[in-house]
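Right, one structure below, let's go through it.
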Amino acid sequence: MATLIHSLSDHSDDVNYCAFSSSCLATCSLDKTVRVYSLSDFAELPYSPLRGHTYAVHCCCFSPSGRVLASCSTDGTTALWDTRDGRRLAVLGQPHASPVRVCRFSPRNTCLLAGAADGTVVLWNTQSLRSYRSGNVKDGSLVACAFSPNGNFFVTGSSSGDLTIWDDKMRCLYNEKAHDLGVTCCDISSHPVSESENGFKYFQMASCGQDNQIKLWLILFADFLGAELKYKCTLNGHSAPVLACAFSYDGQMLVSGSVDKYVIIHKTSTGNTLHTLSQHTRYVTTCAFAPHSHLLATGSMDKTVHIWQLDLKQSCAGSTVETESKVAVEDWSEDDVSAWLCAQDLADFVGLFKINNIDGKELLNLTKESLANELKIESLGLRSKVLQKIEELRMTMISLSPPVPDEFLCPITRELMKDPVIAADGYSYEREAMEHWISNKRRSSPMTNLPLPSPMLTPNRTLKMAISRWLETQQK
C-alpha cells in the first residue's frame, strides 16, 4: 500500500528535483528557488526558500552528513548552502558558464560532481572548493549521474543516450549506448546483488530515457580491473518518456516517474509493478526515497511534491496490490475493481462487489441509492467512504487528459505556444515571452545561458501548424 501522507505546493513553477537527508527534504524548481522541509512534520524551515540562483534550479542534493545542500542552475553555477541556517557557503562556476543540469556528492563527501549542458563534468573538492578534475562526455548534454557505493567511480548519462563509467581520476572506463533518444536519469543501488568469480561485487543500476524505457543493469566496480556493465532487463509500464528513477535504500524497490503523469514502483528482484500512482496532473519530473525508510517523494510540473508512505506488508489475497490500473477505469475487470478496493483500504467489500459483478463501468455508475438498495450496505459511514473513493477516482480520470507534447511548450512560460518564434539560439519560444526576455536587456539564451548573437525572432510556422493539428485532435 502506498499512502499519500502530505502534499507540498509552495513552488510557483515546475518542480525539477527533490532530495532527502536523514532529517530534511529539499525541492527545487523553475521558479529559481530551493525549499527545505523538516521530515518530522513537513513544515518549511525558517530560512527557506533559498534564493540566489538567477535562473531555473535543475537539481539539488545533500552531502552524506546532511549539513550541506548543493543546488545547480541554468545560471551556470552550483551553490552550496549550510542546512543549519540557510547561509550560502560557496558559488561554484561551471567552465564556460554552461547551464548545470545535475550535481551529486560522492558517498565519502570528498568531492561534488557537477554536469552541464555542454557535456562538461567537473569534480569539485568539498574541502578546498576548487575544481580538481574535469572532462567531457563524448556527445550531447550531461543530464544524469550516480556514484558507486565506495565513491571511487561514477556513471554519467547524456542526452545522446550514452552511459559512461568514470573513475575518480576522470578516466573513461566504459561507454554504452543505452537509450536511443537520450538518457534522462540513472541511479545505483548501494546494496550488492552478486559476486564475480574474482570475488568483486555486482551492484544494480537503473537508467531511464526518452524512449519510454527503464533498463536495469548489473555493474561491477573493481579498482584494478576497471568496470563492467551487463544489461539485465527492461521494465515496462510507462507509455511516455521516463524522466526520473531512484532505488529504495535497501535496493528492493525502484521508483520511476514519467511524462505520462504516472509514478510506478517496481520490485527489483522480479521487475513486477508493486504500485502505480496517478495523483500528479502533469509530467512527473523527479522521485526520491528517503534513507533508511520507505518514505517516497515525487515532484511534477504541476508544481507539487507528494510525500508517500509505503507499507509493503499490506496485501490483498496474499500479494501486494497495485494501487491503480493504467487500463481505462470503464474497461476494468472485476479483478481490477477488487485490486482497487484493496488499495483504497476497502478490502472488506471485495466479496460483495464480486457477487454483484461490479466491473469498472458498474463501479463508476454506483450511487448512494444503489449502494444502499442494491448492494445492501447498511452503514451510512461506509457508504459515504465508498462514494468518496469513487468520486476521487472520477476526478483522477478527468485529470488524466493527454499531456501536451513538451516541444509545444514555451521554455520560458511552460505554456502551450500560440505564436512560436525561433530565436538566434535555435530554440522556439512564445513570441511575447521572448520579446519580454529581450526587452529586459537579457542578451543570453534562456535555454543555454550563452550570448544571443542577434535579437531577431523568426516565425516558426511549421511548429504553429503542428500545434494547431494537435489541438484539433484533442477536440474530437
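Residue 1 is the first one shown; counting continues down the chain.
Each residue, glycine too, has its Cβ placed from N, Cα and C.
In TrEMBL this protein carries:
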type: REPEAT; residues: 50-91; note: repeat 'WD'
type: REPEAT; residues: 93-134; note: repeat 'WD'
type: REPEAT; residues: 146-167; note: repeat 'WD'
type: REPEAT; residues: 235-276; note: repeat 'WD'
type: REPEAT; residues: 277-311; note: repeat 'WD'
type: DOMAIN; residues: 332-396; note: domain 'SAM'
type: DOMAIN; residues: 403-476; note: domain 'U-box'
Distal contacts, the repeat 'WD' (277-311) - CB-CB under 8 A, six or more residues away: 1-9, 11-22, 25, 27, 29, 39, 42, 243-249, 253, 255-259, 261-265, 323-324, 396, 399-400, 403, 406, 414
Residue numbers, six or more beyond the limits of the repeat 'WD' (93-134), whose CB comes under 8 Å of its CB atoms: 55, 58-65, 68, 70-78, 80, 140-151, 154, 156, 158, 166, 168-170, 190, 447-450
Residues in the repeat 'WD' (277-311) grouped by DSSP into helix, strand and remaining coil: 0 helix, 19 strand, 16 coil
Residue counts (helix, strand, coil, in that order) that DSSP gives for the domain 'SAM' (332-396): 47 helix, 0 strand, 18 coil
Integer average pLDDT (0 to 100) for the repeat 'WD' (93-134): 93
The repeat 'WD' (235-276), counted residue by residue under DSSP: helix, strand, coil: 0 helix, 22 strand, 20 coil
